[in-house]
C-alpha cells in the first residue's frame, strides 16, 4: 500500500504546507464541477490535509466542494476540522454519509467531534452509533469539559497481573476488536485496579513462559478521570509517558489516554497561551468570519482603552508643566513604552514558568530578586543612554536627569509587576495568560508618566 | 515494582508541581549534610522531577546537594536538566559517576545531552561510551543542529518485507538488545529502503503465518535526515505519527524518530515562539543568573528604544500645536496604544498561522481582507467611544472628530501591518516571531501620532 505514501519533500522551502498548485487544481475542479478530478486530487491526501484545504478555500468554494464530494468526507476529516467549521460541514452532509463517517471512529474521537456541536447535530450523530459506542460516548460526555474523562478512550487492552507472556499473546490473537492504537498491556488486579503495565515491545521480545509482572515498567502513573486535560498533557510531557491508564474515584480502570491525544492538547494549550498573551480570544481561528474576528479582538481593545484613558488622566494632572515645557510631551512616551516592553518580557517569562510548574514557592523569592536586579541593570543602562540623548536633543541637563531617573524607576517597577501580577492572578484562580497584560501595562503606563512628569514638575519649574 | 509509583494526586490544587514540603525537606537534609535522608527523599522521584528540583533550589544548595548525592545523578537526570545548568552539574560530577550515567542512555539522548557542551566535556562523555555508541553519537553530531539526524535514534527494529508475523516475533525474541521504546516494526526492501510499517499491536493480534505486508499501515511517512526538527514536530502533530523512519539522501533507512521526541520539540518550539513574541531570547530559562537575564532582555529593549525615539521625533514635529493645545498631549498616547494592541493581536495570529501552515498563498488575500475589515469595524466602534469621551472631557467637538478619525486610521493600519509584516519577514527568511513586534509597533506609533497630531494641526488651529 505504499502507493498512498505522499512524498514529504515536494518543495525544498516547506515540506508540509499545502501545495499551492494542488489547491489551485482543486479550485479549478470545483469550478468545472468535475467530481472525478476532485476525487482523484483529494483521495490521496491525508485527512488532516483535506481539513486544512477545506479551511483555506473560500466559503463559496467550500460549499461547492462539499456538494461535489460529500461522500468523500469521512470521520477522520471531520475530526481534523477546526471547530468553527465543523457545524457548517456537518450540516451540509447527507445523513447517510454522516452516519457512515462517525461509525468508524474510536469513542474518544467521537467525543471530541461532537462535544461542541449543537444539540440537534449531537443527537443525529449519537443515533448513528451502535448501542455500545453510544453508551461510551454518553458516559464520556458526562465528565466535565477538558477533563481526562473526555480525552480518554474506553477501548482497553488489559491482562490479569498473574498472566504470562504466552497467555497475553493468545488473548490478543483471540480478540476480534483490538483498538486502532495501543502501546501497553495494562495489568489489573482482581478489583480492576491498574497495577502496572508492559510495553508491547517487551511482550514481543520475551519468551512465552515469562510472567508479565517480570516485564513491568518501573515507572507507571495513573491519571484521575477528573484531571484537567492541561495537567494530563503536562504529565505526558514531563514524564515521557506513551500511554497512561485513567481511573475513577475508586482507583478502578476506566480508560486510557495515549500520547498522541496528549500532544494535541499540549499544542492547543500553547496556542491558547500565545493568543491570550496577545489579547486574542484563545479559540480564534484563521477561518473565522470577520464578525467573529471583531468579537475575539474587541474585549482586549476595550480593556486597553480603559488603561490608556487612566494613563491620560495621569498626564492631565501635569497639563501646566506640559504647556510650559513641550519637550516633556515629546519624551514622555519613551519612558512608558520602555516600561511596557520590560513588563511584557517579565510577565511572559512568568506566565510560561507558571504553566510549566517551574515557578514555585521554592524559587519565587530568588526569581523576583533576579527580575528586579535585571530590571535595575537594564534601567541604568538605558537611563544613561536616554540622559545623553535628552541633553543632546534639548540641551537641558536637568531634563536628562529627569528622564534617566524615571527610566530606572519604571524598569524596576515593570520587572516586579511583570512577575508579581501573574503570580497573584494565578493564586486568585484567574488565568495569568489572559489578564496579566492589562494590569502590567496599566502599572507601567501610570508609573512611567507619573514618575517622568512628576519629577519634571519638581525639578524643572 | 508499584512501590515506585508516585501518587499524582498529592495536592488538590496542582497535581504535578513539586511538593513544597518535599523541597523544604530536601533543603533541610542538605543543610544537615544528611546523605541518607537526601537519598530517601530523592530516589523515589522521577528524573524529570529531580532535574526540576535542581533548577529550583539556590545555586549554593545545588552545589551542596551534588556533593552529598553525586552518585545519585544518572543519565536521565542529566538529560532532563536545562542546558544552562548541565555544564555546571557535569563539571561537578566525579568522572566515574558521569561515565556510568551516560552509558545507559540511548544514542539520541546522548546526542541531546552533549550537543551544547563545551568540547572538553563532550570529549569526556564520548570517551565513556563503548565504540559502537561513540560512532553512533559522532555520526549524529555530523548532522546539522536541529535536524532530524540529531533527533533520531539509531536503534532500529526492522524486518524484510517478505517475512511473516511468526518470523518477526521469533526474530524479536532472539534479539538481546531491543531499543527501550519502539512501536513499529519497519519493513525494508533488499536495498534497506523503508517500504512500510506494522504496529506492534497488529503483530501481536495476528496469527503467526500472516504475511507482514497484510498488516501494513496504509499511511506511512518517511522523514529526510536533514529535515529541520520544527518540521518533524509539525509532521507528527499534523499526521498523528507515533514513529517515523528517517532516510538519507538515497532513501535508505538510517534511524527512527518517536513521538515522545517530537513532543519535546513541539513544546520547545511553542515556548520559543512565546518568548520571542514578547522580545525575550528564546532560550531564556528561570534558572539563568541575573546577568544572563539582562543579556536576554537587552536587545529587544534597545530596539524598542530606537522605535520609541522615532515616535518622539514624529511628535517633535508638532511641538507648536502641542504647546497651544495641551489636551493633545494628554490624548495622543491613547491612539498609539490602541494601534499597538490591535497590531499585536493581528501579528500574533499571523505568526502562529505561519508556524502551523494555516496561512498560505491560497487564503492570504481573504485573511488580509478580513483583518482590514475587522480593524475598520473595531476602529469605528472605538472612534465613536473616544469621540464622545474627548468631547465630554475637553468640550471641543472638533477634538472628538480628530481623535475618532486618527483611531480608525491607526486600527486599520495596525491590522494590515500586523499581517503583512510577519508574512514579509517570513519571505525574507527572518523568523517572524522574533522581529515582527518591533516593526509593527513602529508603524502603529508613527502612524498613530502622525495621524492624530497632523489632523489636529490641520483642523484645530
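Just so you know, glycine gets a Cβ as well, placed from its N, Cα and C.
Just so you know, TrEMBL annotations never went through curation; they're auto-generated.
The shown structure was predicted, so the numbers you read here are calculated from the model rather than taken from an experiment.
The domain 'CBS' feature in TrEMBL is assigned to B:152-214 (among others). When pLDDT is averaged over the domain 'CBS' (B:152-214), the result is 91.
If you look up TrEMBL, you'll see B:216-272 (among others) marked as domain 'CBS'.
Summarising the annotation, TrEMBL assigns transmembrane segment to B:372-395 (among others).
Per TrEMBL, the feature transmembrane segment maps to B:401-425 (among others). Taking Cβ pairs closer than 8 Å, the transmembrane segment (B:401-425) reaches residues 331, 334-336, 338-340, 342-347, 349-351, 354, 359, 364, 367-368, 371-372, 374-376, 378-380, 382-384, 386-387, 390, 431-432, 435-436, 439-440, 443-444, 447-448, 451-452, 455-456, 459-460 in its own chain, all 6 or more past its ends.
Feature annotation from TrEMBL assigns transmembrane segment to B:437-460 (among others).
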Folded-back contacts onto the transmembrane segment (B:372-395), same chain, C-beta under 8 angstroms, at least six residues removed: 327, 331, 334, 338, 342, 346, 401-405, 407-416
Where DSSP helix means H, G or I and strand means E or B, what are the helix, strand and coil counts for the domain 'CBS' (B:216-272)? 25 helix, 14 strand, 18 coil
